[in-house]
Amino acid sequence: MAATTTKQVKLEKECELRVEVSPDSPLRVRLLSGTAEIFGTEMPPQVWLSFPPFVKFAVFTWYGATIEMDGATETYYTADETPMVSYVNVHAVLDARRNRAKASPSDSESSQGPRVIVVGPTDSGKSTLSRMLLSWAAKQGWKPTFVDLDIGQGTITIPGCIAATPIESPIDPVEGIPLEMPMVYFHGHPTPSANADLYKILARELAKILERQFAGNTESRAAGMVINTMGWVDGLGYELLLHAIDAFNATVVLVLGQEKLCSMLKDVLQSKPNVDVVKLQKSGGVVSRNAKVRQRARGHRIREYFYGLSNDLSPHSNVANFGDLTVYKFGGGPQAPRSALPIGAEPAADPIRLVQVKIDSNFLHLVLAVSFAKEPDEIISSNVAGYIYVTEVDTQRNKITYLAPSSGELPSRFLIMGSLTWIEN
Ligand code: ADP
């Protein structure tokens with residue numbers, strides 16, 4: 001249903017308008033009458049919201065609304081069957097638990113609000129449900145912590161990272177999660193399989209830091225966490241999910257759209273009486289994305305980091321001598337010296353050992369993280385300040401040109417590389 005004109009859509013109560021913005025131009029949407037929300041955040045009346053190309057979203061109304069759209073859509077339709085009532089019921093249960101936690105600030109056990117982890121296969125609506133739960137909680141004045149473990153997409157900063165940030169107000173339907181002081185650890189690859197040991201260690205580090213923050217902040221402790229995970233739910237992916245549930249001490253596991261995963265998790269977690277495993281229906285509105293679309297989305301996220309959602313940021317092009325920067329990567333060197341191994345055995349690479357890498361022409365198009373570490377051995381436990389993108393490597397003059405969000409000195413000379421690349425277009 002391709003359309004380019006202005007159109008009005010009347011929504012009955014508990015219905016939603018599902019929209020896929022055209023790949024070529026943005027779409028403006030506004031609420032003409034009634035009340036409606038986009039993924040948990042209320043739409044302001046009469047104000048045009050401009051969605052960039054490719055975006056897929058839904059406008060849901062609890063009591064009825066009229067919506068106006070201006071611009072091109074790939075598709076749009078209304079749906080009267082949604083799982084929203086079951087989602088908001090989960091929110092109500094979480095809200096009651098937050099209130100209980102708030103009521104007993106001095107008891108370290110019961111002052112902890114819900115730690116919710118959302119799991120399910122790719123394209124089951126995990127990020128969307130996480131967003132709704134966070135926005136509904138923020139609307140009621142809570143400041144829940146959002147933890148994103150999905151390194152394939154990276155909703156907080158860029159792909160290749162795991163990150164956490166407090167959500168202090170309902171998430172903007174267009175702008176997404178605000179980038180104020182997120183806590184970010186750089187894995188460096190768009191899939192954890194490239195270095196699963198490192199992924200586990202970084203998840204533990206992030207969990208440890210949050211635990212420390214919660215210890216000193218009863219407000220965020222009571223509000224709890226919502227943890228988004230990646231869509232890899234079997235084999236090593238499943239193992240990493242169990243690891244995350246354990247590392248973050250999750251108390252509520254929400255399983256979207258997969259019976260098998262839900263029953264497996266119920267079985268293994270039955271020994272933990274304080275963990276609830278709840279199966280939830282996947283929304284029929286969730287749009288499936290193939291590998292190519294997901295890769296393009298990754299590129300968009302990186303572009304957005306440097307240039308802003310609507311090209312409103314101006315990144316700086318900087319030139320440095322090779323010697324000005326010290327680049328490390330994880331998983332380079334041998335685990336044990338050959339002399340310590342049985343005769344004939346080949347030393348395996350230690351996945352979490354840090355090795356220094358010489359800058360060469362292979363650096364072109366790499367996205368590197370700038371560590372907050374003061375010393376190399378602090379890198380694994382340090383969060384990152386931001387990222388740079390390599391646009392030119394001159395091996396004749398030993399100079400590297402890179403894009404950074406701002407000009408001037410980088411916050412540290414320690415950079416971390418993985419396999420994350422981006423071709424600017
Ligand atoms: P997952 O995190 O499980 O991979 P997402 O929550 O990212 O899945 O959803 C996949 C895509 O579907 C996203 O682009 C999201 O905006 C879109 N989407 C989710 N729910 C709806 C809905 N009810 N209507 C329209 N689009 C939706």
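Note: Cβ is positioned from N, Cα and C throughout, glycine not excepted.
Taken from TrEMBL, the feature ATP binding site applies to Glu16, Lys56, Asp123, Ser124, Gly125, Lys126, Ser127, Thr128. Lys56 (ATP binding site) falls within a strand when secondary structure is assigned with DSSP. Sequence-distant contacts (6 or more apart, same chain, Cβ under 8 Å) of Lys56 (ATP binding site) comprise Arg18, Val19, Glu20, Val21, Val287.
The domain 'Clp1 N-terminal' annotation in TrEMBL covers 10-101.
Annotated domain 'Clp1 P-loop' per TrEMBL: 120-308, in sequence order.
Residue counts for the domain 'Clp1 C-terminal' (313-424) under DSSP, split into helix (H, G, I), strand (E, B) and coil, are 15 helix, 45 strand, 52 coil. The domain 'Clp1 C-terminal' feature in TrEMBL is assigned to 313-424.
Under the heading region 'Disordered', TrEMBL lists 99-120.
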Note to self: Going by a 10 angstroms cut-off between Cβ atoms, which of the binding-site residues Glu16, Asp123 has the sparsest surroundings?
What the structure shows: Asp123
Item checked: Lys126 (ATP binding site), number of other Cβ atoms within 10 Å -> 27
Next item on the list: State the count of C-beta atoms found within 10 angstroms of the C-beta of Ser124 (ATP binding site), not counting that atom itself.
Entry: 24
Item checked: Number of helical, extended and coil residues in the region 'Disordered' (99-120), per DSSP -> 5 helix, 5 strand, 12 coil
Note to self: Should anything in the same chain at least six residues away from the region 'Disordered' (99-120) have a Cβ under 8 Å from its Cβ atoms, list it; otherwise answer none.
What the structure shows: 126, 129-130, 133, 142, 144, 214, 218, 221-229, 231, 233, 241, 244-245, 248-258, 261, 265, 282
